[in-house]
Amino acid sequence: INFFFPLLSLPVSGPAQVRLVNGPDSCTGRLEVFYNSTWGTVCDDHWNLVGAHVVCRQLGCGMGLSAIGGARYGRGKDPIWLDNVQCTGMEAALSECRARPWGTHNCGHGEDVSVVCSGAPTPGEIQVRLVNGSSSCSGRVEIFHNGSWGTVCDDGWNMTAAEVVCREVGCGSALSAPAGATFGQGAGQIWLDDVTCAGTEAALSLCQVSSWGSHNCGHREDAGVECSEPTQVRLVNGSSRCSGRIEVHHNQRWGTVCDDGWDLADAEVVCRQLGCGTAVSAPGKAMFGQGHDPVWLDEVNCMGTEGAITECNLKRWGDHNCKHDEDASVVCSGKSCNGMPSS
């Protein structure tokens, strides 16, 4: 049985520092905490998204997207400082959460925790695009890193990784994950090799990969992706394209979404689909006015990681028990959008 103990008293200088290392930016990576003049790691026993939220807030990195165990971003080499961390989510720093005393643990570095936050110090620093395909939703996978575009090797490339790419580029679900430079050979660096994704990552760079630029491939092994075209979504009657009543395009008509079960996780998917940042609120009750066309969707239930609202659990198109005074709305953090994906 694991017991929780309050952390030992910290010096009056303030809460213990934390950092995320070995990731693509300082808002993603293995969690390390500074104690007794040394950086050390945190064990993944009982680690969850609530603790990740505290870390992300402490770093000024937005909200926690993933709380990952099993040394996803590599094993640390210094002390394992914390184990059995239990946060309520209200703490201003990780060191205010309950845990075993500093340095008391039953873990190895194979259990080091990692965190993925919604914020990034340089938004858009790592980008993905599909080139040489028949549309913007198919082609050779290219990733922008360290100032230049490069390719991804097809070793281990599969539909799970393709699903992550399709979500990241704002397309629908993955149709295929072609290997062998199906969309032609790229040039320049081969940035990633041996990519292993769980399928829930918000970006390809968050999957488990070899070190950037480390590979045993040639461009004849460049990986590709074919995605379905996305369902059109728009926000209307708001102050910008990133706020308003949500409408979806189906059967050649725009229609609304019922607010039954509508919540922030659902709004998060819409904001991501529109390229409008993160969700700020998910108002119901026709906050931005009532629609006049069909109520297309009802009882939408998203995890929050989907790339499009149509990937969420929902009733059949047009199956609902709602009126337009229940139209759902979304407010995103972005002030403007780059335009909606075409279908």
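Please read every residue number as a count from 1 along the shown chain.
Even glycines carry a Cβ here, placed using N, Cα and C.
Copied from TrEMBL, the annotated features are:
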type	residues	note
DISULFID	Cys43-Cys107	disulfide bond
DISULFID	Cys56-Cys117	disulfide bond
DISULFID	Cys87-Cys97	disulfide bond
DISULFID	Cys153-Cys217	disulfide bond
DISULFID	Cys166-Cys227	disulfide bond
DISULFID	Cys197-Cys207	disulfide bond
DISULFID	Cys258-Cys322	disulfide bond
DISULFID	Cys271-Cys332	disulfide bond
DISULFID	Cys302-Cys312	disulfide bond
DOMAIN	18-118	domain 'SRCR'
DOMAIN	128-228	domain 'SRCR'
DOMAIN	233-333	domain 'SRCR'
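Everything TrEMBL records as a feature, shown here on the structure.
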residue	record	CB count, 10 Å
Cys56	disulfide bond	25
Cys87	disulfide bond	22
Cys117	disulfide bond	25
Cys166	disulfide bond	28
Cys207	disulfide bond	20
Cys217	disulfide bond	17
Cys258	disulfide bond	23
Cys271	disulfide bond	25
Cys322	disulfide bond	17
Cys332	disulfide bond	26
Of Cys87, Cys227, Cys332, i.e. the disulfide-bonded residues, those within 10 Å of Cys56 (disulfide bond) when Cα atoms are compared: none
Sparsest-packed of the listed disulfide-bonded residues (Cys43, Cys153, Cys312) - C-beta count within 10 angstroms: Cys312
Cα proximity to Cys258 (disulfide bond), best match among disulfide-bonded residues Cys97, Cys217, Cys227, Cys332: Cys332
Which listed residue (Cys107, Cys227) has most other Cβ within 10 Å, given these are disulfide-bonded residues: Cys227
Nearest of the disulfide-bonded residues (Cys87, Cys97, Cys117, Cys302, Cys322) to Cys166 (disulfide bond) - Cα to Cα: Cys302
Cys322 (disulfide bond) versus Cys312 (disulfide bond) - Cα distance in angstrom: 19
Across the domain 'SRCR' (233-333), average pLDDT on the 0 to 100 scale: 87
Neighbour count (Cβ, 10 Å) for Cys302 (disulfide bond): 22
Distant-in-sequence Cβ neighbours of Cys197 (disulfide bond), under 8 Å, six or more positions away: Thr160, Ala161, Glu163, Val164, Leu204, Cys207, Gln208
Nearest of the disulfide-bonded residues (Cys43, Cys217, Cys271) to Cys117 (disulfide bond) - Cα to Cα: Cys271
By Cα-Cα distance, the member of disulfide-bonded residues Cys87, Cys153, Cys217, Cys227, Cys302 nearest Cys107 (disulfide bond): Cys87
Per-state residue totals over the domain 'SRCR' (18-118) - DSSP helix, strand, coil: 17 helix, 34 strand, 50 coil
Using Cα positions only, nearest of the disulfide-bonded residues to Cys302 (disulfide bond) (Cys97, Cys322, Cys332): Cys332
Cα separation, Cys43 (disulfide bond) to Cys97 (disulfide bond) (Å, whole number): 14
Cys227 (disulfide bond) to Cys322 (disulfide bond) - Cα separation in whole Å: 32
